[in-house]
Amino acid sequence: MIRTLLRVLGHEYAVPMRRTVVLMVLTAVAEGLLYALLVPLLRALLGGTPADARPWLIAFAVAVAGYALLRYRSDLAGMRVGTTMLRGMYHRLGRHLARLPIAWFTGARVGEVSSMAGRGLLAAMGVAAHLMAPFVAACVTPLTIVVVITVVDWRLGLTALVAAPLVVAVHVVTARSAAAADTAHAGRADEAAARVVEFVQAQPVLRAGGRDGFEPLDRALREVERASRRRTLSVLPGAVGLAVTVQFVFTAVLALGVALAVGGGPHRTGAAAAGSDGLVTAAELLVILVLAARAADPLLSLSDIGGKLRAARGEWDRLDRLLRTAPLPEPANPVRPARHDLEFDAVTSRDGDRIVLDGVSLTVPQGRRLAVVGPSGAGKSTLLRLQARFADVDGGAIRVGGADVRDMDPADLTARIAIVFQDVYLFDATIEENVRLGRPTATDEEVRAAATAARLDEVVDRLPDGWLTIVGEGGTLLSGGERQRVSIARALLKDAPIVLLDEVTSALDPDNEAAVHAGIDRLMSGRTVIMVAHRMRTVRRADRVVFLDGGRITEQGTPDELLRLGGRYAAFSGE
Amino acid sequence: MTIGQLLRPHVTGFVIVAALQVAGALAGLAPLLAVAEVGRVLLAPGPVEGGHLATVVFLGAAGLLLRLLLTAASAGLGHLLDGRVQLTLRRELAAALGRAPLGWLDHRRTGELAKVVGDDVTAVHPFIAHAPGELTAAFAVPLVSLIYLLTVDWRLTLITLVPVVAAIALVPLLMTSGRTREQKAFDAALGRIADTSVEYVRGIAVVKAFGGADHAHRRFLTAADDFVDIFTRWVRGVSAVAAGMQLALSAPFVLLAVLTGGTALITSGHLAPPDLLAFLLLGLGLTAPVAALGHGFDDLQAAGRAVGRIRDVLAVEPLPEPAHPVVPDGDRLEWRGVRFAYDGREVLRGVDLTVEPGTITALTGPSGSGKSTLVRLLPRFFDPDAGSILLGGVDLRDIGGRELHRRISFVFQDVRLLRTSVADNISLAVPEADRDAVIRAAKLAHIHDRILELPRGYDTVLGEEAELSGGEAQRIALARALAARTPILVLDEATAFADPQTDRAVRRTLATLRDRTVLVIAHRPETLAGADTVVTLRDGVIVR
């Protein structure tokens, strides 16, 4: 358990974490040893010599003070490590997400990541801050007490010790079945969260569809309930088993102790001789029973703590799995190409079983423009994504300036490419911040200049708060054409030598259409361009055109050549 | 429905859970009392009566067993009840979201709403599964112990209570006015993390395209750092006090109090030595109520805030449904003097428009002219601020929601496909449609061939087994609208498809739907040419 935790945390937190655990163990041992002083103290009080109790009482008080100091420090250390850890984990999560291939980010991940970032990390942190100390105490203190009992009377001590392997066994068995149930439950909860997001975002469609309920969401919610019921049932035997074990052993100690004490004769008081005849004095028995009660209490709380620990553990495991998802491999010695010629060399790409690109080869010399045309689903967008290394090819290679993109530093590759997506995603921030994403270090003048070139300034003038207007989640405050302008401004600001353009398919109103075309013209000039084009007006600005169908290039040439060819492209262009 | 109403059917369950828990906890006192009794018998002068001792030990063991059975039953029932209540709450929340005006949903972030349905309902867990039983037990058991101990020796009882009083004295330090403020900040910060992580995942392509590895997730990390800062400040405020409380309530401290008092009383002859045992064993239990309060307090507070957010969502008023729905006569659409403002900006400024049945009407105009709003008033995403919209001579507000949707279907600009099978996506509005009807609609929308290429054809789950391109998604949405076979079809910039060939084919399809009324927002000259009427909108009024 601790190992998973340390791995999730990363090395920098391992040392303070270990130190904190050691402090907790020391505190728990101290508590157990503390009770050893009860033996002489109670022997005196119950055995009829209360005057002898005073020095032991003072010793006990001193020991309690020492324990208090340790406990206080260990509690605070737990909290401190917890919050430091929390920050570290957020940063690790954020960094790692940025390095995962885009293909990983399917719709279902939205719920998974958001619940992990909220509840998940907090639960993982809570372990260190709140649960670790009670857990350590519940394991270590009873064990120490049993050792103390054994010193007083080995028979009763050994009887109590029987509990140890039983408790461990019950714990291990429960943990295994409960872990499976927990994982299942967490999976269901994620699914439900993703369905809620979908349900809310799809409200317009669902309402227009005239439906009240949404069966997938309801099914997901029912599954959550079923999973939680299964989890309860899987945990219950463990909790009962633990209680049975502890209580059985406690009863055994009680019965055996009474038998041993009574066996000593018809009239023995605490003042009577010690067990030289193998018997226990009444005072000793009572001390042991008090100690046994002290050991039983924390053990019984173990199933409760164990349950909470398991819940947190499920979260670490999920986090651990995410952190261990392989990012796209990065080269040890990155190549930095001097030029920006683009090349696809027999590139194959699959989406599950379906072949999206099937041995595509093409070249774009530096400073030239290539248009990719074809029916929807032909693999056009995939081509752009592979060029930007959102995913790696399944066969063949993609090169920039002669260097395989897999041999380049990802940050270097990204820095050389500006992309205009078809579906523009805007962050729920000001319109200015969304443009500035293109180059965070840009000056205000540069941001304004890029916006003007994309004719975004007209849009900004119309907005209630101008540049400071918050565009809403996903940019819902802007129309499709306006979002497109933001995207172009972003790319212009980035000023990268390679431009990848995925032209918007839906028709724009004439005003937006003109603005977008003007912006794209500015963006393409003097750069190496691959564009997925839907409008003939855009296609004609390319030096070369490839017609993509079913993942293969079926025609290629200059726009005029292809028109003269009278093939698919000519039919497609409708001329 | 309020939360109280939702919980009412489960009240009996709660009472049973609590009763079992309390009975179990009381039975748990038996072994402790048995030990005290054993002590009294053994330490008493005179011969030990073996039979009496055996009975005492037996009773103690029986008490343990009883406690075990009762608490297990209570915990199991409590959790099952919890699951059921959570399902009820979540379903009701989903229903509330499904009824909420779209204007209301627009102002909220989906991450936050998902958190209400998910985490907030989970946070209610301690209220349901633990609080009723554990809190009652935490007070009932110490009360019984206290009464018993008072009968044994009232002086030592008071001394035993010293640590409890010390802990209670610390409680006010935990509940300052600043704490409430910090709590709110904490919740808000946690909400921001949920939002930014949703953004992060959904906007990952942008993050990838523009991020150096460090800048990309700046927003996420800023939200995370803010949260950790607030959390650290929060924890720092409490942790010293909380640790002090824990310490005061810990077993060593209570034992120290009992032993100090006990030694004094025994030496001075005020207490019989065997009576000390009862205090050593039962005295520790007296801290339970305060410990339970301190321990569960944060959870309960968090649950309280979660309940507040759940209540807010449940309380959202849906658009009013007519008390006596009127069935429209025919399918003529009329806008009469319609005005509508969005966030204080007047988008429609008096629109009068009539769309005759069986015609194609194209709506055009620059962006921001109000075209989309005009169309979105039809499914009552919002109601007009002034004027009215009539369908078959009846105001939309007097037509039941069901009837309205039986007559009009829509293809919106931002197509959202659901993560279900292709067939379910197409038959969304007509769940009873058979496979043939679905295929017919898909063919009309020119997406049938593409669907057959998917891994499992019409049974392919979108978003899991296959991702569709933007143009393909639009055509699925069109198929969905066609499958609904409503007399009126509204298309918002949806006729422009990925490739010109399909676009032409789809336009031909629309032209053949002569029995239907088609209202289309369009810009392409080809579409405008194919329309019977072209309406141009500018700045919220019809100019032509």
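Keep in mind that glycine also has a Cβ here, set from the backbone N, Cα and C atoms.
The domain 'ABC transmembrane type-1' annotation in TrEMBL covers A:21-311.
Annotation comment: TrEMBL describes A:342-575 as domain 'ABC transporter'.
Proximity of distant same-chain residues to the transmembrane segment (A:21-41), defined by a Cβ-Cβ separation under 8 Å and at least 6 residues beyond the stretch ends, is recorded for 2, 52-53, 56-57, 59-60, 63-64, 66-67, 70-71, 73-74, 77-78, 132-133, 136-137, 139-145, 147-148, 151-152, 284, 287, 290-291, 294. The transmembrane segment annotation in TrEMBL covers A:21-41 (among others).
Taken from TrEMBL, the feature transmembrane segment covers A:53-70 (among others). Same-chain residues lying 6+ beyond the ends of the transmembrane segment (A:53-70) with a Cβ under 8 Å from its Cβ atoms: 23, 26-27, 30-31, 33-34, 37-38, 40-41, 44-45.
Taken from TrEMBL, the feature transmembrane segment applies to A:121-148 (among others).
According to TrEMBL, the transmembrane segment annotation covers A:154-173 (among others). Away from its own ends, the transmembrane segment (A:154-173) comes close to residues 142-143, 146-147, 238, 241-242, 245-246, 249, 252-253, 256-257, 260, 280, 288, 292, 295, 299, 302, 306 of its chain (Cβ-Cβ under 8 Å, at least six residues beyond either end).
Among the features that TrEMBL reports, transmembrane segment is placed at A:235-260 (among others). For the transmembrane segment (A:235-260), the residues of the chain that approach it from at least six positions outside its boundaries are 153, 155-156, 159-160, 162-163, 166-167, 170-171, 173-175, 177-178, 181, 279-280, 285, 288-289, 292-293, 296, 299-300, 302-303, 306-307, judged by C-beta separation under 8 angstroms.
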Do any residues of this chain, six or more beyond the ends of the transmembrane segment (A:121-148), have a C-beta under 8 angstroms from a C-beta of it, and if so which?
5, 8, 17, 20-21, 24-25, 27-29, 31-33, 35-36, 39, 74-75, 78-79, 81-83, 85-86, 89-90, 93, 157, 160-161, 163-164, 291-292, 294-296, 298-299, 301-302, 305-306, 308-309, 311-313, 315-316, 319
Average pLDDT across the domain 'ABC transporter' (A:342-575), rounded to a whole number:
85
